[in-house]
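To start, the structure itself, in structure tokens.
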């Protein structure tokens, strides 16, 4: 249970003694008997490695004043008491005898104390997530010290990963004589989930957010709507979900959103909503057919002429910026969504605006005949939406296309860098460089590294390319962004690679992206985890050791262990190697 923070002179003296007697070496490359994912910035475990039993009455002593932290404290106390994780390799530790414990079993750890400087710091971009964790050698005391509640949550997660079930002792053990000092490299470490193409029940979203928190990821980018469906119920525009969702039981209510946002906040995870406009809006046509160009048209009129397409994939339809009512509906949507989601970011999409769709609209054809351009048409739309977003005290986030697309783009004056962040997804580090050199902050989601849907072929049917049995030999196998992104591919990517120090400061972090044309609840966990874990560590503590060398070889066994623990927590993560490899360190490497 969580109780008010009392503190004691004896506890402070014990901690001070430990601080003075124990130097704090960097972790280095050597793994510990039990490891933490993502790897902390700095950790030491006194030798010989010791562990202490966890008392059956274990609780977290948390300061009152922050309901989300109190919720986290209760949750982690319950998690520790129910822990049944058995490491794949038995930890080589000594169980401390200490003083007499319950029933003469020796020392037991009865509680962990949280000490937080600022309980009221809001969960927002750039909030301090640093923490320090101390578990005294005899297990006499454990403390997490943090500047904010959100840092304290990160410390609780680290503490939970230092515990395991010991069958020989028939008890939960936790490492003793441990010191951790930790903070993230990047303030934005996210996962994007697309619920426009596939509806995911709320329970699956909550499980995903819970797994994100366990990996110290802090941004759930919710790509809520797309051309295929509009599943979000909005008070001012109820017809959008009524006529644009997949049907009853496949909509998110206002209460669903409140539940998701509160659940996430109790785990230190921000929820950033995305309503993609003006492209990817065919689902709006059920409620407002007069606002959507090329709605209901076949997406690829001439399969031999890709530039003539009406959409990037099946589901053609784009909002028409020349229709006055577009702005009334858009304004209602933005205001409702901002009222539902408290985060300081609002993602407005603006990717893949397809020229063929607007060119097929008679009103836009007349506009072009009068000397208009598609780029000016997009700028008209963005120029109306962006000030509205900013007026609601939000930073506007767009996909990179709004500035970098070769055919349809806006000028920088329409999206001032001071109030705008761009999310990059094409051309690897090259587009990141273009964005930051233009003065924008960047979220990196390069499809070549961070798109988790890639490598599963394409979903369009009636494809004669497969008539030739050699059609996908030596190619991406029908997936535009293939091949499959392995965890090592994700782990090795440097989101600020090739940038100057000044440019790199504009990279706020990254997101792995789970587009869902071929994903539903049955396969979600395995597609996301543990590959998202690889990005989580790279953005938390980096993918290099103290010498600057990539540490993927050392990370392999740790990720196998972490995946095993995640499965025990109810996350159906994919394996990365046979268990044979974990019990024979180094034998499954390509190079000895």
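Cβ from N, Cα, C; glycine included.
What TrEMBL records for 1-28 is signal peptide. The domain 'Beta-hexosaminidase eukaryotic type N-terminal' annotation in TrEMBL covers 36-162. The domain 'Glycoside hydrolase family 20 catalytic' annotation in TrEMBL covers 186-542. The active site, proton donor annotation in TrEMBL covers 352.
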Tally of DSSP helical, extended and coil residues in the domain 'Beta-hexosaminidase eukaryotic type N-terminal' (36-162): 31 helix, 45 strand, 51 coil
Number of Cβ atoms other than its own within 10 Å, given for residue 352 (active site, proton donor): 17
For the domain 'Beta-hexosaminidase eukaryotic type N-terminal' (36-162), mean pLDDT (0 to 100): 93
